[in-house]
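Accompanying notes for the structure given below.
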Amino acid sequence: MKGLPVLSLLLGLCFFYFVGIYLFVGGFLLVRLEVNRTSSCGDVLQPGEEPVDFCRVQPRFRRAVLLIIDALKIDFARFDPNNTAPRPYENKLPVLEETASSRPSHSRLYPFRADPPTTTMQRIKGFTTGSLPTFVDVGNNFASSAILEDNLIHQFGQVGKRVVFMGDDTWESLFPKKFYRSLPFPSFNVKDLHTVDNGILQHLYTTMTSGDWDVLVAHFLGVDHCGHRFGPDHPAMADKLTQMNGVIRSVIDRLQNDTLLVVMGDHGMTDNGDHGGESQKETDAAIFLYSPAPLFAGPPSQNELDVVPQTDLVPTLALLLGVPIPYSSVGQVLLPLFPPHGQKEGTVEGLSQLEALWINAKQVNRFLETYSGMAKDIPPESLSRLKEEFNRLSSEYLTTVRFGRSPSPELAASLQAYLTSVRDTCRATWARFNPVKMAAGLAILAFACVLCFILSEFSIDLLRETGPGLKVPVIMALTAGGCVAVGQLLTQGYIEVAWSLAAVALTSQLLFLWTWARCLTARYLLIPPVVIPLLRCASLLSDSYVIAEGRVVTFLMFSLALYIPIHLNWDGLLLPPIHDPLKSAGLLPSPGLSPSTVRKESSTLLACIGLLVGSLYLSLSFHGCREEQGFCQPSPFLSPLSRLQDSQLKNLHYVLSIFSLGLWTYLLRRCLRHYGNLNSSGGTVFTARWILPLLSMCLGLHWAVSATPEDSFRNLAELISLAQLALPRAAFCLLGLGLVLIWLDPLTVFVKTRAATSTRGSSLSPPRYRASTGISPQAELHHLIPQIYQRMRRSLNDGEMSRVSEVDSRPAVEAYGLGTVYSAPLLLFCGLLGIGLLLLHPEGMALSFLLLLLEMGALLHIQASSTTLSGLHGTDSGGFYVPWTPIVMWSFAATQFFHATGHLPTFPSIQWGAAFVGFPDGHTGTILPASLVTLNTFASHILFAVSCPLLLFWPLVCEVRGSRGGRACGEEGEDAVMEMRLRENPKQFSSALLQLSTRYLFIHGAQVFASVCAAAILRRHLMVWKVFAPKLMFEASGFLVSSLSLLIGVTLVLRVDIAVGHWFKRIIPDTSR
């Protein structure tokens, strides 16, 4: 078998796709240009003839306390006295409403709206810098890096204010060495509800009374972690909110008149407790402002703010505390906290509304001028309009101040409108695109899809090409890439790797297409199994399709499942042929089948289609819900057992999960035992006998321990904590050991020798049953590959004709499991990997994984039965090529079970809890948790890609005697030799494996190309960052994972092929196979 050319061609294709994705994403998801300048006390001045140090003016407040309650959504903060049966998250913070009602001049409660992405790191950046995030910033939540832009923490330090921080350790990485004193606590373990909060409470009150601070920041995480672990509708959330109510009340009691209290949430949460997206439940947090001294000019008016944008907190705090507004802030001051112009005397002091607006507008205009000089992405007409508006307002305001005139009522409104206009313009233009990179990425991806399709249709011809046809494009491509790199170095002084890779990819693609494109015609694409995925790709331009993709892909699977028997029946292959007297008379050739065989295969086909349809229907019960899906209710199986409060329901879910896990293990072992693959003593068999059940046992015990409430067994708390750590880690170790053993020793062949009792050429009688081997009589009769044994015996006797007397004493070799030598290790590898991936999912997903296994088995048997029916009727081509239909269904199944395991192409649907399986105390780095979350998210892609070669093997595993030759059933000499046919035809084996792999890559690559086109064409669409950009990210990530997993599966097949070759050389030393 030509393993190296197959791998080389697949690696080349993957390289093209990777470069195309890298280029397009680099042009589509650019980070906003950061202005690394800082404000100072002398550059934002109140109007006057003499320069005044802004920071030396007496501020409105000398101190501030910021209590950040992570994920404090506005629904948690509201209080409804008429609600007699509140849910666990309702009416648990009465102190906010009580204070706002009893002291309206001292306090206010507002909705606090965050800009997406609603992840903690980006929100901290937003309400300290006042800048707007970009879409790609969500990827930085795992690796928080120091904020380089001007921010409130830096400004506080510049004027000598002592900032004391305690809580979420994300702040320490964002603001290194910026705090006067800091008490960070680990934040990444979402299962820990109390460590951070209790750590804060140990120091909060003593710090407040000590007076050794000016700004106190306390970031509580318990509410957010409770949402992630249990959801908001859980008694634990009621306890945590009640605790926060007591904290707020105690802090209010300790405040002094010169101190401002800000209680705020950084983001909200969905009904499942997740966040990260842009739904209103995720963006609407709460903000509560309070001071013992009068804070507002009067009670709330009719013109009171409906919602406070999160960026508006930055200029407001800066002016209230007497520090310059951070340079890059585009926020707008909250006017209710400043007195109207001319009414400062009496209740409040400090800047008036008009003065605050003027300082704010001057700072924003300065930033706009600086930014427009550095980056040219703001439209010139918008920039000109904003400059003219500021000049007009500046002239009007300065004239009013210099001549002591009373300002017009419209001036403040005009300044507000200007600030709003600047923010809206920045928000609209900070999605910067690089059209050249995007176009290059699109071109490379388009050519990659064409090349992939050519490889799939002409695989056998390409594998014969060993001359310059494949080497010349590679050499010229590397030369082109080197020339581009040298040119960049000479002209720019540095090398941009993206363009060098683009030169390599485009050059090799064009040269290859120049040679092979003429062979491709449209007829190859105009077949139903290819048209359906292409139509699906076209539909990715519709946001409605993307939103409902899970159900649409399930419908397409239904349609293709029905297409198979209809197509077979149309070709007359589904039913036994009608009796023809001419065939009986010998005037026409007899078919190589019997009616009973055809009926059996047809019945198997229809039964498997029924199993497939049933699995598809049941899998719909495990889908999650998007915000756009209205009244959709997420599957109850998506919730971990620890969230369930009903003990009977919890026990039922646990029993179903254990049953599914046990049935998964049983079916795998039953299949291997049926084909005689559990009789040898190799590493793969050891894995199937011992590691597989031990791994299932660890998983079941881990579920039981994880579902145990923390306060159930207080005496065993340490033992339970140890089990939560040890069981999943033991499972990881067993999984790794099993996969390594399969890779190192993949053969499952059991060899027996006995004295030969017949002469050369005589038939080999079936061996008698021996209980010591553990092999059933049926397995011995049907899976001993008699023809192979005859050939092996003859091979052993070759060259011994001169010693006929010694023939009877030479051993005859019998090998059990040889017929499934390729599929058995691959099947076990995937089964073991599936249990490992299940470990990273909620317990209820065990049922979904079982349906995945049943769907895999149904698809494999459908492919085998349809191939057998075609072969029995003499319509099979005689090769091992897999048609498009099963490959398309296999690739659709990966997408379908992506949704059936509770995932969605949205960031809030990411199951972050997978990062803590086996690591309840969190991680020191980011690579491991990111890898665990990736494995959880793309589990279905991994399983279907690794197991893809089974589509090639399974028709041989289920081979019927006489189905692959021209001889009639029952004639002498034609036996079902199963997968050994691949060894007899290594060239066809290589080309069939290459064709299968490239067809699978083509379907997934076409989906990536369609997502890229949708994002490029609709980049200014209203739903681009809500629907199309996340879809692109998930589709591209899924392709990367699928392609790497497919390479692992193909490499495992090649590893088995090498092991089989070595085995044959040991058995038959003089024969080269």
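The backbone N, Cα and C atoms fix where each Cβ goes, glycine too.
Curation plays no part in TrEMBL annotations; they are all automatic predictions.
As the structure is a computational prediction, the values presented were derived from the model and not from experiment.
Some features that TrEMBL has for this protein:
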- 439-460: transmembrane segment (TRANSMEM)
- 472-490: transmembrane segment (TRANSMEM)
- 497-516: transmembrane segment (TRANSMEM)
- 553-570: transmembrane segment (TRANSMEM)
- 651-668: transmembrane segment (TRANSMEM)
- 688-705: transmembrane segment (TRANSMEM)
- 726-744: transmembrane segment (TRANSMEM)
- 821-840: transmembrane segment (TRANSMEM)
- 847-864: transmembrane segment (TRANSMEM)
- 938-957: transmembrane segment (TRANSMEM)
- 1000-1018: transmembrane segment (TRANSMEM)
- 1038-1056: transmembrane segment (TRANSMEM)
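Here the transmembrane segment (688-705) sits against the transmembrane segment (821-840); at least 3 CB pairs are under 8 Å, leaving out pairs fewer than 6 apart in sequence. Between the transmembrane segment (847-864) and the stretches 553-570, 651-668, 726-744, 938-957, 1038-1056, Cβ pairs under 8 Å are most numerous for 938-957.
Using a cut-off of 8 Å between Cβ atoms, the transmembrane segment (726-744) and the transmembrane segment (821-840) share at least three residue pairs, counting only pairs 6 or more apart in sequence. For the transmembrane segment (1000-1018), the neighbouring stretch richest in Cβ pairs under 8 Å, chosen from 439-460, 553-570, 821-840, 938-957, is 439-460. Counting only same-chain residues 6+ beyond the ends of the transmembrane segment (439-460), those with a CB under 8 A from a CB of the stretch are 9, 13, 16-17, 19-27, 502, 505-506, 509-510, 512-513, 516-517, 519-520, 524-525, 987-988, 991-992, 994-995, 998-999, 1001-1002, 1005-1006, 1008-1009, 1012-1013, 1016.
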